[in-house]
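Structure record follows, encoded as structure tokens.
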């Protein structure tokens with residue numbers, strides 16, 4: 001095969017498994033249903049099983065050819081429901097890729113050379129009159145394989161729960177505060193169905209994206225994170241995008257949004273969707289705007305509608321649609337510090353003002369629902385009026401739009417279309433909770449999906465941190481998915497390392513939220529790592545971390561010798577000052593002494609200690625040595 | 001001058017001023033009292049004045065010779081109080097620097113060569129019977145120059161407050177939630193005095209550290225951050241330490257703790273204190289342990305006491321003293337996941353167990369107070385039993401010690417010794433507030449000084465982020481100072497870049513807390529930067545950020561040309577998709593139209609819009625264009 005030069009980088013996708021890790025599966029109720037997890041082998045013989053977003057890329061047994069796309073996970077499930085049909089689909093226009101009509105031939109030729117056409121699937125859609133959304137099935141009481149998949153995936157193996165619960169004092173002391181969430185100890189397929197039925201969770205899974213490994217977004221599931229990738233008018237190239245996807249899911253992105261806006265966006269999207277095991281979201285107005293040469297006023301419902309169908313046929317799992325930005329709200333931004341900062345929002349605002357008309361996204365909302373339910377594309381109702389600075393947080397523009405998103409949610413649900421709600425943005429810490437409260441109140445527990453929020457405005461270059469603070473807090477409060485922010489936010493396009501930095505910061509935020517909510521099993525990984533830390537199992541400490549490579553590298557900078565990885569001290573304090581070493585000595589010392597004392601200790605320890613000390617006597621010693 | 005080779009790196013201390021910034025002063029009531037601030041010149045002619053921790057190092061007009069130390073800021077204030085005397089002081093033993101006695105001559109010679117002896121000041125102490133603490137003066141109603149300095153410094157210029165308050169809707173909407181703090185709109189010297197008198201704030205300022213630029217730590221002042229520096233038994237060198245100090249305060253460290261534990265720690269400390277404009281803290285037990293060859297059991301009260309005096313004479317401003325770790329509490333750690341993780345705590349635990357005796361820090365606490373008040377060294381009462389993992393958070397060991405720290409605070413206050421309380425450590429988000437509640441309850445509002453806390457345990461390599469989340473939350477809740485955590489936490493010694501990363505993460509946390517508390521003027525910098533961002537004043541956006549260098553560098557990676565720094569778009573979205581550009585177009589468009597409409601808009605906007613839209617008519621347009 002004469003692969004063009006431009007594929008070279010794709011042929012070297014990041015494919016190494018994580019250290020000491022291998023892919024395992026949790027089997028479901030049918031032979032074609034099994035959920036991949038990552039098992040980490042510890043040096044003490046234990047195994048820790050982790051939720052895994054990386055897809056087949058970290059499985060050396062799977063051969064991957066990006067020119068063919070990933071193996072099909074759920075094609076059979078879709079087919080056997082017998083409510084969809086394949087059809088010829090919309091013709092791919094040169095304009096879809098930003099090329100002018102006269103460029104069409106050259107464009108097509110380039111595509112063929114690139115093998116891109118081979119990646120196009122024959123699209124499916126609902127049969128006439130059918131509704132193929134997971135919500136529609138759920139509301140009819142059906143547990144789909146997708147729901148069972150999600151249940152198994154959310155549960156994981158929960159292998160430490162028994163040990164965790166065995167220490168009653170600890171289990172009670174660190175039990176989370178769910179802040180209104182109702183997370184069961186075991187997630188059943190029926191629970192998933194019920195959550196989807198009432199709109200409290202979504203499973204973004206377009207019928208034209210059978211490669212997806214189903215996952216759920218909802219306040220009673222693990223908090224998820226989204227990473228944005230995409231080229232732009234100024235930099236980037238198609239080849240980089242697929243590796244960006246692989247890189248993003250490697251580090252833990254549960255969803256990826258393709259925000260490409262330059263040339264070749266149709267083709268880029270084919271590449272991404274066909275190679276993605278995670279749901280892909282887009283903002284269709286970006287491509288629609290390209291089609292009208294970047295002139296917002298020239299947008300029409302017809303062009304937008306055509307773009308929705310184009311992307312639904314490609315398999316995009318959710319669309320950001322700024323249908324809540326209504327004409328009457330635009331003037332509310334006039335006194336703002338930073339106006340309208342959403343790209344989609346500002347495009348629609350410009351259109352509304354130019355035409356003196358209500359947004360066509362709002363007036364055609366039910367028409368959009370009809371498209372969504374024919375492919376099971378989920379709504380991500382966009383917050384076009386989100387604040388772009390702390391000064392604009394929680395203002396009437398923002399909340400007027402949020403209330404409208406709540407109304408639109410009800411309409412979407414009338415059509416059984418899965419829906420989540422986008423949220424800010426820039427919000428100081430003390431104003432975060434009321435964002436969640438308003439969202440819950442007006443949007444009826446539809447999953448909230450927030451960008452950050454950034455808690456301060458003065459950290460350009462570090463906005464992944466400024467926003468991870470807000471993300472953790474709003475995640476604890478009930479937000480279901482956190483859209484990452486990279487260190488390049490406000491400054492430029494993220495590169496490979498920025499994407500990783502953003503994802504790790506958001507994995508921290510999401511996990512902090514899970515722990516705070518008391519998600520069953522969330523603490524297990526923390527406990528396993530803490531135990532490894534205390535027992536000086538350095539390799540296990542690295543391998544259980546969010547980024548084993550960096551942890552190992554940092555350790556090796558000061559103590560590079562292999563022997564130091566089993567040393568009972570580290571470079572921070574040196575051998576004499578290691579508190580953990582001293583603690584162990586204290587326990588051993590205590591174990592040698594005091595069998596008699598241990599009996600005394602067993603009853604009413606502290607009171608007795610006080611009496612004892614008051615008398616100036618000898619000391620009680622620890623009951624237990626290290627096992 | 002024949003400077004030895006080892007000074008080479010010192011001679012190239014980081015001394016460049018921040019971009020577009022120059023040092024200004026706020027004059028006080030006497031000619032020798034003026035508070036430095038950093039004024040940032042914006043491209044639109046405005047000036048933004050920032051709190052400045054960097055000392056004279058960022059002032060090109062000041063000549064600095066690290067071999068002589070910084071100019072004296074408050075020597076005259078100390079002298080004119082006429083309650084101290086200079087005296088010969090404790091002899092510097094070879095052992096102080098970790099050298100054996102037989103090494104003494106070689107050691108002394110090396111010191112002389114290094115010019116270190118020139119840095120030793122003749123120590124001062126309180127005259128017999130005198131108490132020279134700021135708390136003692138405050139309780140007698142005296143406003144010291146140090147208190148006035150702090151008041152001016154905390155106030156800053158507050159130049160934007162008028163503009164901020166002018167927008168009533170915004171001022172009301174974003175007003176902070178102080179969570180029990182009582183921050184006045186203007187900080188007066190009398191307010192500072194009253195806060196110090198009741199123990200709610202401290203001004204760490206040893207009379208032997210006249211170089212210090214006074215600052216306050218208290219819940220009604222800006223949230224401060226501390227950076228740790230120090231060598232260790234395994235790596236680092238003295239020369240690096242002074243540049244580490246300069247580097248740390250450049251990026252915003254309000255305090256620095258010298259945690260050196262290797263050789264030459266006495267000499268290192270001389271270098272650091274003499275060159276430090278910020279308060280320096282230490283953990284004296286580290287040096288005491290060195291003096292007994294690293295054998296905790298061999299520690300004695302006499303050796304410890306001698307170490308306190310040694311360091312008090314050098315000018316250390318606060319001591320971490322783990323006097324709350326009592327013998328009867330040690331057994332409470334036996335069931336912990338990670339035992340005792342404080343170095344000082346584990347040393348004392350080992351001593352207590354070995355001798356079957358109560359801690360000499362606890363039994364000699366009043367003797368320690370006598371030393372503290374003779375030099376005005378502040379207590380930082382150590383949390384030797386802080387949790388080392390989320391699993392151990394908020395357990396009885398931790399809280400038993402905290403309650404004891406509250407008792408000790410009362411004793412310290414009886415002696416008018418300034419006191420703050422150290423706190424954890426590793427605490428999941430939902431357990432953070434109760435840490436603050438317990439501290440406030442048992443420690444009578446003495447300033448809380450926490451390490452993080454880290455909200456999860458699975459982020460080795462990124463613990464600055466995992467902990468910045470907890471730090472921001474506990475800072476909002478009332479913690480007065482946040483001890484930074486670097487990316488190397490748990491893994492190795494931080495290098496130059498790690499120190500910077502840790503500090504920036506903590507400046508973010510502290511500022512997020514100030515904004516959330518509603519600290520007057522805290523938002524000003526955010527607003528100035530947001531305004532610059534909206535107006536595409538790129539240089540101002542960089543220069544107002546916490547790290548102008550990184551912001552500029554990130555921007556230039558994708559749009560390096562100078563012209564793009566005034567471009568009305570950026571590399572993220574490109575010219576067609578820039579929402580801020582579109583917003584401005586919307587406003588301009590609106591300005592051209594609608595003088596008549598503006599009148600309609602002025603009354604009952606939203607209701608009228610709805611009616612209007614219901615009628616299918618034309619649209620209202622924004623009232624105001626960009627001014």
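Just so it is clear, glycine is given a Cβ too, placed from its N, Cα and C backbone atoms.
Copied from TrEMBL, the annotated features are:
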- A:17-85: domain 'ThiC-associated' (DOMAIN)
- A:228, A:257, A:286, A:322, A:342, A:343, A:344, A:383, A:384, A:385, A:386, A:422, A:449: substrate binding site (BINDING)
- A:426, A:490: Zn(2+) binding site (BINDING)
- A:570, A:573, A:578: [4Fe-4S] cluster binding site (BINDING)
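Residues A:228, A:257, A:286, A:322, A:342, A:343, A:344, A:383, A:384, A:385, A:386, A:422, A:449 are listed as the substrate binders, and the farthest two of them sit 20 Å apart at their Cα atoms.
Neighbour density for residue A:228 (substrate binding site): within 10 A of its CB lie 22 other CB atoms from the protein chains shown. With respect to their backbone Cα atoms, residue A:228 (substrate binding site) and residue A:426 (Zn(2+) binding site) stand 18 Å from each other. In the three-state DSSP assignment, the secondary structure recorded for residue A:286 (substrate binding site) is helix. Averaged across the domain 'ThiC-associated' (A:17-85), the predicted model reaches a pLDDT of 95. Chain B comes close to A:286, A:490, taken from the binding-site residues A:228, A:286, A:384, A:386, A:490 by a C-beta to C-beta distance under 8 angstroms. Spacing of residue A:426 (Zn(2+) binding site) relative to residue A:384 (substrate binding site) is 13 Å (Cα to Cα, whole number). Residues within less than 8 Å, Cβ to Cβ, of residue A:344 (substrate binding site) and separated from it by at least 6 positions along the same chain comprise A:283, A:285, A:286, A:320, A:322, A:382, A:384.
Around the Cβ of residue A:342 (substrate binding site), 27 further Cβ atoms fall within 10 Å across all displayed protein chains.
Put simply, A:342 is the one of the binding-site residues A:342, A:386, A:449 whose Cα lies nearest to the Cα of residue A:490 (Zn(2+) binding site). Its Cβ placed at the centre, residue A:490 (Zn(2+) binding site) has 23 other Cβ atoms within 10 Å. By the criterion of other Cβ atoms within 10 Å of the residue's own Cβ, the least surrounded of the binding-site residues A:286, A:449 is A:286. Here the Cβ of residue A:386 (substrate binding site) has 27 other Cβ atoms within 10 Å, regardless of which shown protein chain they belong to. Taking H, G and I as helix, E and B as strand and the rest as coil, DSSP gives the domain 'ThiC-associated' (A:17-85) the counts 11 helix, 22 strand, 36 coil.
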